[in-house]
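Right, one structure below, let's go through it.
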Amino acid sequence: MLSKLARLQTVAGLGLGVHSSVASATSVATKKTVQGPPSSDYIFERESKYGAHNYHPLPVALERGKGIYVWDVEGRKYFDFLSAYSAVNQGHCHPKIVDALKSQVDKLTLTSRAFYNNVLGEYEEYVTKLFNYHKVLPMNTGVEAGETACKLARKWGYTVKGIPKYKAKIVFAAGNFWGRTLSAISSSTDPTSYDGFGPFMPGFEIIPYNDLPALERALQDPNVAAFMVEPIQGEAGVVVPDPGYLVGVRELCTQHQVLFIADEIQTGLARTGRWLAIDHENVRPDIVLLGKALSGGLYPVSAVLCDDEIMLTIKPGEHGSTYGGNPLGCRVAIAALEVLEEENLAENAEKMGIILRNELMKLPSDVVTTVRGKGLLNAIVIRETKDCDAWKVCLRLRDNGLLAKPTHGDIIRFAPPLVIKEDEILEAVEIINKTILSF
């Protein structure tokens, strides 16, 4: 297990940095077109001039989305193979979710938690029964859910497990990603996330992912309150653990009285072919984190699910959010979950994912070295040369009508909305194949 300080020293020695082949977008026009809507170039320049430079977007300016497709401001149509990092599992602007938002937006949108509202309880009952937990704590963003889970784990550690006050530890897996707050980057092994932002959160330890012996060693420490892990690591490049890993995590956490926190923000809600990715191994974590597709991409909604022994350790006034549990977000989340159920999107993700991976396996191995994933959360690894890398492949995919984004330099994630059909998968694969063969 490495502390943040030890990891910083190691990384400093390695001299790791941002993928060197990522180039700046071509210089853009400086003036808006005299007539008509803004051009893509104008939009690129305006964001660059007035917005913080904390993202490096693929140069495409979108204005509309429907189902599995998006259109740019010039009217060009694209397959969306990112799905806003799996936030639009139900497809862009799903009519049922849009209607739910419209039905609520002119009634009541925000009360804060100072008062009750008539939608929160309906949502809480639905989501807890759906996932079989006693309680839900509603938040807004995925990273807020992660922060909430860490607070719950520490409070449980002190009040239930009996860890000495302020000595609780939480263990994370190397390669994890759950956000950009100070807590989240304190658990990160990615220097792009944490370098230059210390000092870091105490009591966070990191072990290798997919390594049960390392977890067993870490849990020997009686002050460990929780182990937080992604069932499949998304931002790390769709890293799928060995069969039995999650079962082993459950057994070790139970044995050592440690909470098993499953970060299902990206992997959950039908993305991997099951309601939750942990369902592939039929394990029940102590805490489950949901977000992204919990609103179908219409509104920021996240949730922390657990049983009373954990949830009720936090008392009134000890945690909260002005927007968490607001009636608009709750109404949207109910509709988003109903769409997943009614349209059997987990089953479709399972079937379409098999087809997609089978087709991706046919790509030339001198360019694509690895294909991996579950359901419709997939990735390919690009063999880098002076003429070919993941960024260049994504630019050419864009030119050919498909949007995807590199992660960790040589990896491209393919995660279309779960409403995609077989003929659409095959059409998209034709674009991918054509693009790869052009290098």
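Think of each number as a place in line: the chain as shown, counted from 1.
Each Cβ is built from the backbone N, Cα and C atoms, and glycine gets one as well.
As the structure is a computational prediction, the values presented were derived from the model and not from experiment.
If you look up Swiss-Prot, you'll see K49, K66, K107, K362, K386, K392, K405, K421 marked as N6-acetyllysine. Residues or ranges marked as N6-succinyllysine by Swiss-Prot: K102, K107, K405 (among others). Among the features that Swiss-Prot reports, N6-(pyridoxal phosphate)lysine is placed at K292. Annotated transit peptide per Swiss-Prot: 1-25, in sequence order.
Overlay of Swiss-Prot feature records on the structure.
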residue	record	Cβ within 10 Å
K49	N6-acetyllysine	8
K66	N6-acetyllysine	14
K102	N6-succinyllysine	10
K107	N6-succinyllysine	11
K292	N6-(pyridoxal phosphate)lysine	27
K362	N6-acetyllysine	11
K386	N6-acetyllysine	6
K392	N6-acetyllysine	19
K405	N6-succinyllysine	19
K421	N6-acetyllysine	12
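Under the three-state DSSP scheme, K66 (N6-acetyllysine) falls in the strand class.
K421 (N6-acetyllysine) has K66 as its nearest neighbour among the modified residues K66, K102, K107, K292, K386, going by CA to CA distance. Between K362 (N6-acetyllysine) and K107 (N6-succinyllysine), the C-alpha separation comes to 52 Å. Separating the Cα atoms of K49 (N6-acetyllysine) and K392 (N6-acetyllysine) is a whole-number distance of 25 Å. Looking only at Cα atoms, K292 (N6-(pyridoxal phosphate)lysine) sits nearest to K102 among the modified residues K102, K107, K392. Ranking the modified residues K102, K107, K386, K392, K405 by the distance of their Cα atoms from the Cα of K66 (N6-acetyllysine) places K102 first.
The closest partner of K102 (N6-succinyllysine) among the modified residues, by CA position, is K405; the full candidate set was K386, K392, K405. Of the recorded residues, K386 (N6-acetyllysine) and K392 (N6-acetyllysine) place their C-alpha atoms 10 Å from one another. K405 (N6-succinyllysine) sits 38 Å from K107 (N6-succinyllysine), taking the CA atoms of both as reference points.
Rounded to a whole number, the C-alpha distance linking K392 (N6-acetyllysine) with K107 (N6-succinyllysine) is 47 angstrom.
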